[in-house]
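Engineer: Shown below is the structure under consideration.
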Amino acid sequence: ACTGIENIDEAITLLEQNNWDLVAAINGVIPQENGILQSEYGGETLHGPAYGSTSHSTAASSTPSSSSAFRHVVPSRQIVERQPRMLDFRVEYRDRNVDVVLEDSSTVGDIKHILENELQIPASKMLLKGWKTGDVDDSTVLKSLHLPKNNSLYVLTPDLPPSSSSHSGALQESLNQNFMLIVTHREVQREYNLNFSGSSTIQEVKRNVYDLTSIPVRHQLWEGWPPSATDDSMTLAAAGLSFPCHRLTVGRRSSPVQTREQSEEQCTDVHMVSDSDGDDFEDATEFGVDDGEMFGVASSALRKSPMMPENAANEGDALLQFTAEFSSRYGDCHPVYFIGSLEAAFQEAFYGKARDRKLLAIYLHHDESVLTNVFCSQMLCAESIVSYLSQNFITWAWDMTKEANRARFLTMCTRHFGSVVAQTIRTQKTDQFPLFLIIMGKRSSNEVLNVIQGNTTVDELMMRLMAAMEIFSAQQQEDIKDEDEREARENVKREQDEAYRISLEADRAKREAQEREMAEQFRLEQIRKEQEEEREAIRLSLEQSLPPEPKEESTESVSKLRIRTPKGEFFERRFLASSKLQVVFDFVASKGYPWEEYKLLGTFPKRDVSK
């Protein structure tokens, strides 16, 4: 009310610079030579203006109980001189950035003189752009522009050709740069700020302008293209456009058979489309994007295909359509959305090893929100955001446009996060969408770290993502430590179990070996016994089959044989001279020395009688 500053971000910046002292912040913005302001709370008298009209002063004096913090004071009171306010400017020119610090009492021409020394460019050749209040001249005092402390400007030099020695390198660099085309629609006197990469062609620009103005490419009449832009297939980088901004004007080419009424009707239609679009996106300036920037994605925003089918039987199929439609609207540079159910996304993000876990980012889309197209095209599809999400997050998406899909997500939200989070999302208004939920798996529960609304900037979105990552990283380190300790305990237990198993197997093997040995010994003993029994049977049989030993007084010739065994024992027996040698063998075998195993040797002469 005092300063006329309507930009909330600028007002907050001023308050922070003055340590949230409202009086000091206002006196730092309003010119001081017209009067003074006094705080009723502290009694401090400060140099400031006598603001308001006579009617306001009368009203204030008629209501002495008013709670206003400021009132008119007599100029004869003591005046405290204000220190000069310093302003910081970052000025971009081609591939250079120049930092300039000046008092707010300086002029725009002073900035140009400093840049003339730094850039070696005549001040008369410079166009200093980027002022939020529009174009200014060299005599404009900076204080009158009510600028914040930090400002960004850029220099255009349309009268200076680029250096020929670095033309090829500059062309290659320009292909990777983004050009802002400020296109004025002549019939309705409306400007559109369109962002294009240097690799885009003039034909693509004309097609996008057709989406905005409904003027077919063949009927478009252009002004402002450089003389070198002779072919619609030429890229913007090669067309010789001014960087980073270039102004163009487009109108409808008049037709010989077109009547005046038809022309007025077409202009009226175009004007109606532009006005409605401007109303839809008038709030975009709250976060640094004007109406024209919104139309950089107008061709996509006008598509009517739903992001997600209503009452889809399978969440994975619904997300496949969501991803395809998102790509068709905003391009292929976007977060990689997880295809599957929310439970599967939890499983992927939270239930792996601690080192592999990630945060879960849930993007809630709403086609009827005025913020959706800006958030998707300018923030969610920014390369820095896409890269950061892909490295640290599992990103899952859902479309809240249809009531059935909205109710379905709220049911899932209640089941997984509880009724408080579900109620928070339920109470969000359409214009507060899209929402970005940051979820962290915390042991047995899922915790919502942050709910980011659509009215944010790329830097703020990145800061909030990084803040969530800091919290997650601290928790992850604890989880990794717990997991390592648990794995160490399990490894010790596994090693003990393995040693116990090996010991059991060794004992079992030893026991089995002993059992086998005992069985073998028993078997051999059995065989030995059987062999002994067999031998004994043979011996008894041979002993019984021997002829009776002849007596000494026998009339027949008798031979008396004395046989010495390997053990040193002696056997003596008489045999008839007429008996065969086999009878001697059978006698020796009956004593336990079978002739198959032993030889019968004669002593004199020494010979083998067994042969």
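From the backbone N, Cα and C atoms, a Cβ is placed for every residue, glycine too.
TrEMBL annotations: computationally assigned, not manually curated.
The feature compositional bias 'Low complexity' is assigned by TrEMBL to 53-69. What TrEMBL records for 554-611 is domain 'UBX'. Taken from TrEMBL, the feature region 'Disordered' applies to 47-71, 540-560.
Please situate the listed features within the shown structure.
Structural biologist: Residues 572-579, 583, 586-587, 589-590 of the same chain lie 6+ residues outside the region 'Disordered' (540-560) yet bring a C-beta within less than 8 angstroms of a C-beta in it.
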Engineer: I'd like the per-state residue tally for the domain 'UBX' (554-611) from DSSP, helix first, then strand, then coil.
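Structural biologist: Residue counts for the domain 'UBX' (554-611) by secondary structure: 10 helix, 20 strand, 28 coil.
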Engineer: Just to confirm my parser: what is the rounded mean pLDDT across the domain 'UBX' (554-611)?
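Structural biologist: Averaging the confidence scores along the domain 'UBX' (554-611) gives 83.
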